[in-house]
Amino acid sequence: MTVEDALLTLGSVIDIPRLQEAIKDAIATVLPKVDNAFIYLLHAEGRLVCGDPLHELPQEGKLRDAVLLQKRIECSGLTPSELLGQQMISLAAPLPPDKQVLILPLLDQDSGRVLAVILMHCSPLSDADEQNLRTLEKHILVACKRVLAIQKLHPWTQVNVPTSSSESPLRGPENSPKPQLWSQVNLSTGPLETPPPEPENTQNDGYNDLDHQVLQLCGELYDLDAASLQIKVLHYLEKQTQSPCCCLLLVSEDSHQLFCQVVGNKELEEEISFPLTFGHLGQVVDKKKSITLQDISSEEHKQLNNMLGFEVRSMLCVPVISRATSQVVALACAFNKQGGNYTEEDEHKIQHCFCYTSTVLTSTLAFQKEQKLKNECQALLQVAKNLFTHLDDVSVLLQEIITEARNLSNAEICSVFLLERNSHELVAKVFDGGVVDDDSYEIRIPADQGIAGHVATTGQILNIKDAYSHPLFYRGVDDSTGFRTRNILCFPIKNESNEVIGVAELVNKINGPGFTKFDEDLATAFSIYCGISIAHSLLYKQVHEAQFRSHLANEMMMYHMKVCEDEAKKLGSNGILSVSHIDPNFASFTYTPRSLPEDDTTMGVLSMFEDMGFLTNYKIDRSTLIRFCLMVKKGYRDPPYHNWMHAFSVSHFCYLLYKNLELINYLEYIEIFALFVSCMCHDLDHRGTNNSFQVASKSVLAALYSSEGSVMERHHFAQAIAILNSQGCNIFEQFSRKDYQRMLDLMREIILATDLAHHLRIFKELQRMARDGYDPKNQHHHNLLLCLLMTSCDLSDQTKGWKTTRKIAELIYKEFFSQGDLEKAMGNRPSEMMDREKAYIPELQISFMEHIAMPIYKLLQDLFPRSAELYERVATNREKWTRVSHKFTIRGLPSNNSLDFLDEEYDIQESMEEEVKMNGCVDRKDH
């Protein structure tokens with residue numbers, strides 16, 4: 001026997017004895033590894049009975065456990081108390097290692113009852129065997145339900161069955177009763193509330209003519225395709241009711257709509273569906289009473305003609321009811337009876353037909369639904385493949401999500417919104433038409449308003465059948481565009497933590513009155529893929545950022561970072577000089593660090609490390625410190641201002657603060673150390689351009705840091721970490737894990753504080769701290785003070801003599817104007833201070849000193865009265881810029897180039913003192 005023959009036999013049996021044999025044959029055909037099988041079928045009184053030998057399922061043991069738990073059990077054998085006769089031979093424990101016992105309860109999902117138990121002795125099953133077994137279980141369950149339905153209407157003589165295996169001795173084949181088991185079976189599912197009356201013209205076998213015809217129909221209902229089964233049933237109804245055309249309107253699982261797959265002998269290419277509110281047909285579902293054409297309105301009659309494609313002259317619509325739920329599961333409709341109107345006899349014939357066929361039809365529909373779900377799962381896997389090939393760009397990914405969601409749900413339009421938690425808004429920049437780059441075209445809506453906002457807030461899917469009647473729907477867009485929104489399916493997109501990260505909105509189901517429960521399930525599954533793909537896209541972006549960082553770090557190392565061992569040895573050979581040996585005034589605020597030759601600056605840094613006690617207190621290896629200092633020095637490029645001499649000047653000012661203001665009474669020693677190292681590293685790898693230029697030019701740095709802000713400052717810190725991680729340069733190597741982490745955290749916060757935008761954000765807090773008084777026990781005050789000190793170090797050139805201040809301005813504006821020239825070449829308009837043709841340096845300097853520098857050193861004076869001379873010198877320089885501005889306002893600038901006036905020979909001072917050439921600027925000896 002072939003597999004097809006075995007399944008066909010299962011689909012055609014109509015009595016219990018042949019059902020048992022058909023199940024055994026099917027098992028033997030489909031599962032050749034099964035040595036023996038015993039079948040327990042549900043008895044009329046609710047007992048499970050096996051006919052070989054005849055006995056009831058034991059009340060205790062693994063067989064009973066399988067029924068109670070309603071789950072499969074695998075074991076190496078059963079106890080003798082559970083076995084009878086032939087079972088004892090093959091199933092008794094212990095079995096050989098290559099054999100096992102399988103107990104399979106077959107559960108009817110509608111009633112929650114076990115209809116059959118299969119007990120098998122077999123070898124271990126392969127994956128293919130397991131798949132075949134699952135398919136076979138479904139066919140057996142359908143066959144059991146069908147035979148039970150038939151037995152309910154036409155019972156055989158009940159056989160007395162022992163209540164337990166111990167009550168009756170084994171019977172020989174000659175005196176065993178025929179295994180005709182069931183009389184009044186309590187059906188779990190059935191099509192009618194009451195069975196139809198028995199016709200009088202019954203034959204000797206208990207069946208009437210109509211029974212024989214419908215039983216013959218049941219024998220033909222072996223198809224696995226629901227449409228093919230419906231065609232056979234409808235053909236039978238057409239014959240019995242003398243109707244040229246019949247159809248079956250199936251009720252959806254959510255009982256919200258009717259759908260039709262077959263009309264007459266034709267399977268529809270696209271199933272027709274309409275809501276249950278469709279006139280009197282919907283009332284048939286509610287009232288469970290048949291109607292005829294006379295019961296429907298003329299408008300409904302017209303709509304029915306359009307749906308069927310022919311003129312309906314007469315009609316009979318009969319509800320098919322499930323006993324399990326007492327709900328209507330379908331409407332059987334017959335049209336245009338030949339030779340008259342439909343009668344009660346026609347209604348009875350339709351009801352009689354579905355007494356026999358509804359179970360197999362509903363089971364096949366359920367099986368077909370599972371097949372559809374399997375196909376949709378495969379489609380979702382393909383969707384996943386499509387989504388995960390677009391992880392490199394979130395916008396393109398969202399466009400792909402829109403396309404796939406629309407295709408899966410058969411919707412007209414789809415929109416995807418991402419949730420911005422900071423602004424508490426839902427944002428859409430990707431639409432059905434494509435991706436919009438311009439921020440002005442993005443759509444932003446509050447995250448707690450409208451349909452999308454409701455879904456984002458609750459995290460629950462929302463299926464709206466009639467958009468205009470829903471209180472959350474806003475009709476203004478439809479009114480302005482002429483588009484009509486009929487129905488909406490809106491579902492949340494969640495991340496791995498089950499947090500809503502976005503919302504997708506599907507609009508207008510095509511070829512349907514609205515989105516179905518199946519669409520909801522599909523959307524829920526699809527949203528998981530969306531969440532995963534978006535999360536992976538962001539992770540993919542982070543990986544690319546890491547690659548950018550690696551590329552930048554390698555580029556920087558290749559460009560700058562080769563420490564000459566001879567230079568390192570030379571620095572270490574003669575020891576570290578004392579600061580007084582470098583200059584007697586080295587620790588005075590009046591000392592100008594730019595006066596020190598650049599070749600001597602590395603020794604100057606080493607001397608400051610020694611004088612501040614860092615080498616001793618933190619056990620820093622001298623050769624490691626030398627390599628670190630040389631590496632930092634080489635880490636600076638050579639723009640006019642943001643170069644190594646600037647870093648040295650800033651570090652020296654930090655040293656001055658430590659020596660003159662007794663910082664140890666205000667900060668922890670590790671904080672002072674972090675401040676000094678940060679001063680050295682705060683402008684590493686500066687390119688002579690600011691943050692706004694990096695963003696406007698879409699540089700690699702901007703790609704890495706623009707989303708976080710402070711682009712250059714984050715790069716400087718990253719380069720500092722790169723140097724510390726270089727071989728032989730980690731001056732923190734003796735730190736504990738806790739101190740090492742704290743040092744890096746402090747450096748990060750201090751270097752980020754060099755962004756003047758950061759300073760302006762905390763300025764009011766600094767003023768409050770200076771007014772109320774500094775609290776050494778307040779950690780927030782520590783953080784604020786570190787930021788203030790870093791900024792004052794960064795601007796410390798303004799605290800030196802006039803000649804230094806004037807020359808520093810020249811260096812700064814050379815750098816600014818170079819950036820302005822680049823911006824012009826890019827087609828952008830530079831700001832006034834960056835434009836060499838428009839900038840008036842004296843006024844720009846006055847503004848800078850009044851609004852930035854002087855307030856900083858005034859705060860420093862309020863906190864540290866001994867720093868008053870710094871504020872006074874900045875104020876003096878500001879006055880001199882005012883005099884310069886006044887002078888050139890009268891004289892006029894020498895040219896259109898803003899730097900030319902700085903090259904003119906003039907002196908505001910009453911007397912000219914001897915000038916000395918310095919690295920980066922020219923100044924008199926005022927130290």
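Just so you know, glycine gets a Cβ as well, placed from its N, Cα and C.
The AMP binding site annotation in TrEMBL covers His642, Asn643, Trp644, Met645, His646, Asp683, Asp794, Gln845. Per TrEMBL, Zn(2+) 1 binding site is recorded for His646, His682, Asp683, Asp794. If you look up TrEMBL, you'll see Asp683 marked as Zn(2+) 2 binding site. TrEMBL lists 564-888 with the feature domain 'PDEase'. What TrEMBL lists as region 'Disordered' is 160-207.
This view paints the features noted in TrEMBL onto the structure.
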| residue | record | DSSP class |
| --- | --- | --- |
| His642 | AMP binding site | coil |
| His682 | Zn(2+) 1 binding site | coil |
| Asp794 | AMP binding site | helix |
| Gln845 | AMP binding site | helix |
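For the binding-site residues Asp683, Asp794, the ranking by surrounding Cβ atoms (within 10 Å, all protein chains) places Asp683 first. Counting only same-chain residues six or more apart in sequence, the Cβ atoms lying under 8 angstroms from the Cβ of His682 (Zn(2+) 1 binding site) belong to Ala647, Val650, Glu713, His716, Ile750, Ile751, Thr754, Met790, Asp794. Counting Cβ atoms from all protein chains shown, Asn643 (AMP binding site) has 21 others lying within 10 Å of its own Cβ.
Over all protein chains present, the Cβ of Met645 (AMP binding site) has 22 other Cβ atoms lying within 10 Å. Residue environment of His646 (AMP binding site) contains 25 other Cβ atoms, counted within 10 Å of its Cβ in all protein chains. Applying an 8 A CB threshold to same-chain residues 6+ apart, the list for Trp644 (AMP binding site) reads Glu598, Thr601, Lys633, Tyr636. Under a cutoff of 8 A between CB atoms, and with a sequence separation of 6+ in the same chain, the neighbours of His642 (AMP binding site) are Tyr636, Asp683, His686, Gly688, Glu815. Taken over all pairs of the listed AMP-binding residues (His642, Asn643, Trp644, Met645, His646, Asp683, Asp794, Gln845), the Cα spread reaches a maximum of 23 Å, rounded to the nearest whole number. Annotation for Gln845 (AMP binding site): same-chain Cβ neighbours under 8 Å, separated by at least 6 residues, are Ala809, Trp881. The record gives His646, His682, Asp683, Asp794 for Zn(2+) 1. Within 8 Å of the mean position of their Cβ atoms, the other Cβ atoms in that chain belong to His642, Ala647, Val650, Cys679, His686, Thr754.
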